[in-house]
Amino acid sequence: MKTLLKNRELSAFFAIVALFVVLVALNPAYFILQTLAMIFASSQILCLLALGATLVMLTRNIDVSVGSTVGLCAIAVGVALNYGYGLATAIAFALAIGALAGAFNGLLVVGLRIPAIVATLGTLGLYRGVMLLWTGGKWIEGLPDSLKSLSEPAFIGVSPLGWLVLALLLAGGWLLSRTAFGRDFYAVGDNLAAARQLGVAVNRTRMLAFTLNGMLAACAGIVFAAQIGFVPNQTGSGLEMKAIAACVLGGISLLGGTGTLLGAFLGAFFLTQIDTVLVLFRLPAWWNDFIAGLVLLGVLVLDGRLRQALARHQRALKYSRFQPGNKGSKQVARFPERKSKEVA
């Protein structure tokens with residue numbers, strides 16, 4: 001129990017394995033590598049958003065505008081390609097749009113000191129409005145095969161975009177755990193005042209978190225356009241809540257300073273796995289959000305109970321050392337008794 005609480009990635013991993021076992025038990029035909037590859041392909045958008053949300057949440061902030069950023073950047077890459085620009089130029093354009101959107105969120109939170117939830121709720125509507133004004137409410141269609149080919153299975157059934165997601169996960173995980181740059185994110189979220197005293201560039205770190213989050217949302221928009229082949233005017237709606245839920249499932253604390261990119265990745269994979277299982281068993285689509293929310297609540301309640309039990313256990317161990325008769329207790333020498341003088 002103690003190991004699971006300290007390594008929340010294990011909890012998410014065991015949940016993924018358990019759900020896969022249930023899936024195979026109900027239908028052994030799904031016990032193939034292709035099933036995992038299909039779930040991973042479906043999870044790539046949410047995985048990218050969860051990675052970006054982790055950076056922001058580590059600094060004790062939150063961004064609920066990433067769904068609109070995904071739609072805006074998917075529109076950007078689609079418009080650029082339809083205007084005849086090359087694939088590399090269109091991708092760079094979308095990444096720049098995402099970085100600007102994230103940096104603007106950071107400016108509102110860091111520069112103007114607007115609470116993150118309020119600022120990003122505002123930009124949620126703003127970016128969605130810009131997207132609709134840009135396209136006139138129309139869909140972007142006729143995307144070239146050069147973009148679609150990026151989402152087609154390649155080496156061991158994983159697409160080039162899938163390998164990009166894994167590369168970002170590995171690189172980001174290494175940066176956060178092995179470099180001073182990554183440790184700054186944890187320091188800012190864990191104790192803001194202490195981070196300032198230690199010389200951490202707090203404002204720069206928070207700005208970077210929002211900017212990188214915007215760029216990862218842009219990557220998600222590019223993946224969406226490549227996988228679907230067109231861009232509807234409601235692209236990205238509701239994804240911000242799923243990204244936050246994936247982070248919480250993976251052990252990212254809403255209070256900042258705790259969690260890993262691997263945990264967020266596994267949380268996103270698990271939520272997508274639930275959707276995929278429902279599709280494979282032909283259950284109505286409206287069950288997806290209900291079951292995902294139910295699972296999230298169940299995990300949070302179980303996690304809270306386990307943490308309380310662990311805290312009680314640790315307190316009991318702490319105070320048991322001072323119980324008389326314990327081998328580990330410290331023996332306190334008694335004062336010698338004074339002999340009373342008899343008065344004649």
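Numbering starts at 1 and runs along the chain as it is shown here.
Placement of Cβ uses the backbone N, Cα and C atoms for every residue, glycine included.
As given in Swiss-Prot:
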{"type": "TRANSMEM", "residues": "13-33", "note": "transmembrane segment"}
{"type": "TRANSMEM", "residues": "38-58", "note": "transmembrane segment"}
{"type": "TRANSMEM", "residues": "69-89", "note": "transmembrane segment"}
{"type": "TRANSMEM", "residues": "90-110", "note": "transmembrane segment"}
{"type": "TRANSMEM", "residues": "114-134", "note": "transmembrane segment"}
{"type": "TRANSMEM", "residues": "155-175", "note": "transmembrane segment"}
{"type": "TRANSMEM", "residues": "212-232", "note": "transmembrane segment"}
{"type": "TRANSMEM", "residues": "251-271", "note": "transmembrane segment"}
{"type": "TRANSMEM", "residues": "283-303", "note": "transmembrane segment"}
{"type": "REGION", "residues": "323-344", "note": "region 'Disordered'"}
{"type": "COMPBIAS", "residues": "335-344", "note": "compositional bias 'Basic and acidic residues'"}
Closest-packing stretch to the transmembrane segment (114-134), where packing means Cβ pairs under 8 Å, from 38-58, 69-89, 155-175, 251-271, 283-303: 69-89
Contact set, same chain, for the transmembrane segment (212-232): CB under 8 Å, 6 or more residues outside the stretch: 41, 44-46, 48-49, 51-53, 55-56, 63, 66, 69-78, 91, 94-95, 97-103, 105, 139-143, 147-148, 150-151, 161, 164-165, 168, 239
Stretch of maximal Cβ-Cβ contact with the transmembrane segment (155-175) [cut-off: under 8 Å; candidates 38-58, 69-89, 251-271]: 38-58
